[in-house]
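Database features, via TrEMBL:
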ACT_SITE  Glu1211  active site, proton acceptor
BINDING   Cys42, Cys47, Cys50, Cys72  [2Fe-2S] cluster 1 binding site
BINDING   Cys112, Cys115, Cys148, Cys150  [2Fe-2S] cluster 2 binding site
BINDING   Lys394  FAD binding site
BINDING   Gln738, Arg884  Mo-molybdopterin binding site
DOMAIN    1-90  domain '2Fe-2S ferredoxin-type'
DOMAIN    203-385  domain 'FAD-binding PCMH-type'
Amino acid sequence: MSIKFNVNGFPYEVQPSDFPADITLNTFLREHLHLTATKFMCLEGGCGVCVCVIRRRNPTTGEVHTRAANSCLTLLNTCDDVDIVTDEGLGNKGSGYHPIQKRLAKMNGTQCGFCSPGFVMNMYGLLESKAGHVTMAEVEDAFGGNICRCTGYRPILDAMKSFATDSTISVPGECVDIEDSFELLCPRTGQCGSGGCSRATLSTQNDSHWHWPKSLADLFTALSQVSSNELYILVSGNTAHGAYRRSRDIKHFIDVNNVPELKQYSIESDHILLGANLTLTETMEIFRLAEQRAGFEYCAQLWQHFNLIANLPVRNNGTLAGNISTKKQYPHFASDIFITFETLDAHVLVHEHPGAQRVLTLLDYLHDTTPNLVIGGFLLRPYPTTKYLFNTYKILPRAQNVHAYVNAGFLIEWNDDQHHIVQSARICFGNLSPSFVHAVEVESLLVGRDLYDAATVSEAFERLEASLQVVEMPPEASPEYRHKLACSLFYKFLLWSAPEELVKKQKRSGGLLLERPLSSGSQTFETISKNYPVTQPVQKLEGLIQCSGEAPYMNDLLTTSNAVHCAFVTAKRVGATIEQIDPTPALRCKGVVAFYAAKDIPGVNNFNNASVLVVEPEEVFCSGRVKHYDQPLGVIAAVNHDLAVYAATLVQVTYANEQKKPILTSMNQVLASGESSRIVQMNKSNGENSTLKVPLAPGDVMGRGILELESQYHFTMEPQTTIVVPFEQGLQVWCATQWMDLTQYSIAAMLQLDASLVQLQVRRVGGAYGAKVTRCNQVACAAALVAHKLNRPARFVQTIESMMECNGKRYACRSDYDFVVRASGAISMLNNNFYEDAGCSLNENVVDFLTMPAVRNVYNLNATNFKVNGSAVVTDAPSSTWCRAPGTAEGIAMAEVQLEHIAFASKLDPADVRLVNLRPGNKMVQLLPRFLASTEYRQRRHDINAFNAQNRWRKRGIGLSLMEFPLATSIGYSYPTTVSIYHSDGSVVITHGGIEIGQGINTKAAQVAAFTLGLPLEKVRIESSNTVNGANAMVTANSMASEMIGLAVRKACDTLNKRLQPVRQALGPNATWKQIVERAWTQSILLIATDSYKVGDIPNYNIYGLCLTELEVDILTGNHLIRRVDILEDAGESLSPNIDVGQVEGAFVMGLGYYLNELLLYDRQTGRLLTNRTWNYHPPGAKDIPIDFRIELLQKNPNPVGFMRSKATGEPAFCLSVGVLFAMQHALQSARDDAGLPREWVRLGAPTTPETVVLNAGTEVQRFALK
């Protein structure tokens, strides 16, 4: 028996016995059909790069439904009788591009491009599922499961919202209108089949069995074949795997997608029946129908709550029974379906066999141990609004696609017509502890009481506070926060439901959750037409093929069938010594080919051979003392990726000399431990004294503070990836690296080969931000070792868990500062002792190279009033590395926080304190007054203060941040570039030593070449970077490579122009370009020119920026909305304004993640990273960006020393995002004042999460009252 389905209209038939039982659709599409537009990253439905569209027939109605799906979660064997559409099938160069692809590219919605196909397919699924009729709100809501680290989302959302029926988005004229061109694709080989044929049980590769029941009776027949000692799973969407990994010991997979009894629903006057296998999306559609019926109005609130569960593709495929079954298996799972249904006293219809069913409460079902119990459906009863009050809550770490800090539901049955006296109550909370659900004491207290009576309210919170059972559940938020949050949610429920006259006016807004309106943005910049295509806002060169999935990345490269896949084996005992490694259990697994460790390396066991900023070797494989948890100690090679990852866990390691001292994964732990040997002072600003001291004058203000900025994971969408193919005497390497030269050298030194025998090629990299400067080399070296030893191709694609656990991240920073200022706010003394977390080695240290030049920022700080000392701290964590604006972001943040603190201590406006402290002659002296006026800063601050005075539980704040970003070009040693002209048609190709990582280096290079040679931009093409034409090229980092490559391109083009000049003169002014180059070729004039940037071609310069951030905070939950952001950035004469605006937006939003969302937590006992995947590490999503996002590139502002008068834009705007802390401080101070706390500075750092806000707001549960 076989499985049949269509992919992009073409029929396929597969035999399950040919594949592993749990092979995913993603693996099949990529590795067997070679449809690589569907990407591969988190493998848990949390990033969106794998999204495709699936059309599936409903077994009950026969209707075909179109839904976006995560192919990484969808099991191939559940795809029988479906149609699948991938990005290649949607549109391509052969059949023509789809409007979604074209519009996303044209509207600057792609940078690195790795996430673009997922966005395109999610949008297509939404449009087709709604027959092309969607609103802007529906569109903006649909991308919670699509992460983009590059763009900041604004241009993506604009492009997608332009397809909405109510769109107000301006669409470029080149984009064809949706009504004229949008077609819902139909399969070229017919529709989905009827689904009527029965299918036998089939065995798969690994001795497991798949069953495809077509009825409830078939389902129990399948269950009867499961012996008592075998594991089985009922499979529909497989979305639970995204939260809790499926056991490898499952022997029976039972696909329930075609069991009609489980897909039924009915809406009756006395109940709603929801079939167990209804997806969340289908359930939400039913809620929309049911909310119109008397007694079921509460379904409108269920829809709102379900809309916050996971993301659209997960809701499209995850089912009700799957969710509740997950809750049963994992009691600590914060199930929103469970908490909402339990609040409503929903019942579960279960089957023990086809003819026997019974009804259980949800809690009874969770504790029922009957074997082979099948959920048939859920029963919801009516709750008329005349008799009942209902609401639910879910408080998240970010806007979408994350499980709750705390979820809650409240149902009140009234005993009177006035809706005051309670007859019964259900008060339910989730994610407090695995066993706690009902606040029983409060439920019983409220019976017969007036819900809104002051005494009732007071006693209810007294009992609630005492009875809540909240336990530690790392990496969940602290028990203190979750306890307070649970109480706050019940308080919010009371404020929301109480009659208006019973609630104090200032408290009313506390009853509502923050509601986010549609986002929008504006982009203002200057173009200079005489320089076109330079300064022209052109489409990114690779934009269209990125949006269609035709742009290949490293893991898209095809290799021969004998290729092996690699995975790291890692150490688990920090401080211990590796005594013995036994790979035997792994090597026994069928398909595992080899294991290699440090002893197998023929050359140098070091993956970081950089000639700059490296002070010690970093081992490819740990050979002795373990420096951090999950330090790689070897590599497994196997015939497929999943097997390699699994086999790596089987290798047995024996340790000796286990460390008795505590494991110190953070600087604070080191500082508290007193281990001074771990603290390495890198730089003193002046003199020998560690601090300055000044006498106090009348009116002087003094203060001190601590700023703590934790680390940040780069979260590149493309994983660390290397493919190595043995070739002749050497190796061909395809590596996602920012620094080909270093990767080449590190591999060659490890294998004792000449560098010339290791040749790299890099077409593009799917996001980098510093993660692929040196950290990529550990993967590259491991893959190269395997390929070298086995003499067969090796592929190494790190999992997200492996990347987060093994690889270094941003330098964390701590600043201890104190100050004395005059009454005007002018600084008379500022001491700054700062520390930066180096991890387990001092390599790539940022302290003196990058942080020190930035700590003064734009301010008048000198030897007479400023003292700074910087130290690197060695911790038991992976060696830290560069991450977008490394060191500089921390230096500027320190200066800005210190100025903000000074303003607070002096009781002065933060803008005025900055004005009085600006360095004389600094560009900011002119820019700041203009910016304050254009953004209406003073009026807005006044209005915010007025708003805060009128609202107890909602607060707003505004934060100003300034930047002088020192761009250091001194390490740009060499950026070779070759420009070639083809005589046959005059087209031009460029290859260079830079790396396209999404920053637009290729587009800018092409613009420069077209301008210099006088050609249309379409005539210029960029080829892959490689270590032949790009030999010895320096790193693409520090925002500088685009300019340096541009300069090298211009040099080469100038050489070509000089060679062509005699031909031009001879042919006369009417000669065409084609004629000129054809004649030159006949005269043996070389039409290839190579040149390079060299140190000194572009001197160091400063980049200036200003930002004003306004936010609104819910003091009861800690959640916030960023209402508006204004950024003015000095980009000189932008070479490519669309690209530069995109860089500003993307860098700023990445900074918002750093300051608000992204929390890394380690196990204090073992040093293990607890937040190691999308389930628990949360970069910003599409609805976390500013609602009103205004970007201006400073106009009439040429850079006299920059290339073509431009400035870099890749990193600086990250530094401006620190202003969000000041807006939060502003809001928080108002809340603290209302709480009666003394006026004192609150230490806010990175990240300032909702937990930070609530625990610093001074809120006391005992004081919760309506009046």
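Any Cβ shown, glycine's included, is placed from N, Cα and C.
Unlike curated records, TrEMBL annotations are generated automatically.
Taking Cβ-Cβ distances under 8 Å and a sequence gap of 6 or more within the same chain, the neighbours of Cys50 ([2Fe-2S] cluster 1 binding site) are Asn26, Thr38, Lys39, Phe40, Met41, Leu43, Asn70, Ser71, Cys72, Gly118. The CA atom of Lys394 (FAD binding site) is located 21 Å away from the CA atom of Cys47 ([2Fe-2S] cluster 1 binding site). Mapped onto DSSP helix, strand and coil, the domain '2Fe-2S ferredoxin-type' (1-90) counts 18 helix, 29 strand, 43 coil.
Here is what falls inside 10 Å of the CA of Cys47 ([2Fe-2S] cluster 1 binding site) among the recorded positions Cys112, Cys115, Cys148, Cys150, Gln738, Glu1211: Cys115, Cys148. With a cut-off of 8 Å between CB atoms and residues at least 6 apart in sequence, the same chain places His714, Tyr769, Gly770, Ala1147, Met1150, Gly1210, Glu1211, Phe1214 near Arg884 (Mo-molybdopterin binding site), listed in sequence order.
Here the Cα atom of Cys115 ([2Fe-2S] cluster 2 binding site) is found 12 Å from that of Cys42 ([2Fe-2S] cluster 1 binding site).
Cβ neighbour count for Gln738 (Mo-molybdopterin binding site): 26 (other Cβ atoms within 10 Å of its Cβ, all protein chains included). Confidence for the domain 'FAD-binding PCMH-type' (203-385), expressed as mean pLDDT, is 96. Each of the binding-site residues Cys42, Cys47, Cys115 was scored by the other Cβ atoms within 10 Å of its Cβ; the lowest score goes to Cys42. Apart from Cys42, Cys47, Cys50, Cys72, the [2Fe-2S] cluster 1 site neighbourhood in this chain, defined by C-beta within 8 angstroms of the site C-beta centre, holds Asn26, Lys39, Phe40, Met41, Leu43, Glu44, Gly45, Gly46, Gly48, Val49, Asn70, Thr1174. Fewest Cβ neighbours within 10 Å among the binding-site residues Cys112, Cys148: this applies to Cys112.
If you take the Cα of Cys112 ([2Fe-2S] cluster 2 binding site) and the Cα of Gln738 (Mo-molybdopterin binding site), they are about 13 angstrom apart, rounded to a whole number. Those residues of the chain, other than Cys112, Cys115, Cys148, Cys150, with a C-beta within 8 angstroms of the mean position of the [2Fe-2S] cluster 2 site C-beta atoms are Thr110, Gln111, Gly113, Phe114, Ser116, Ile147, Arg149, Thr151, Met717, Gly766, Gly767, Gly998, Gly1146. Most Cβ neighbours within 10 Å among the binding-site residues Cys72, Cys150: this distinction goes to Cys150.
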